[in-house]
């Protein structure tokens, strides 16, 4: 894998950062050595953060370049024209038809305004049949219940 010019520059910066903070070779009292190590550790954490920012900046620039490349490659693509969604039937009041629970399963009473019997699909809770919220469903159930 060959490195590009920007990658080499980023690695050179990171190498310089880490080379600028060698581990302390200090003689002295235990307290002086401990403080020197603590200072080194804090500086090393700062260098780690800076190196992370350098790499993230490089990766972000690389990502932006890749996105621009993709945009150029795909600029000629056109979305297909999709068909219109199915039309929702509305009655004269402007209220759309909905699916709602109707009669319990096993009941052969008419549960739709067309007068057909219903075979429940939800077990004992009932089935789903298209009805209108305007109240015509209740009227059709009453008329279907009368023999």
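Just so you know, glycine gets a Cβ as well, placed from its N, Cα and C.
Pulled from Swiss-Prot, these are the features on record:
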- 13-21: region 'Homomultimerization' (REGION)
- 24-44: region 'Disordered' (REGION)
- 29-45: motif 'Nuclear localization signal and RNA-binding (RRE)' (MOTIF)
- 31-42: compositional bias 'Basic residues' (COMPBIAS)
- 70-82: motif 'Nuclear export signal' (MOTIF)
- 83-120: region 'Disordered' (REGION)
- 111-120: compositional bias 'Low complexity' (COMPBIAS)
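Note on the region 'Homomultimerization' (13-21): residues 40, 43-44, 47, 50-51, 54-55 of its chain, located 6 or more positions outside it, place their CB under 8 angstroms from a CB of the stretch. Across all of the motif 'Nuclear localization signal and RNA-binding (RRE)' (29-45), the predicted model scores a mean pLDDT of 93.
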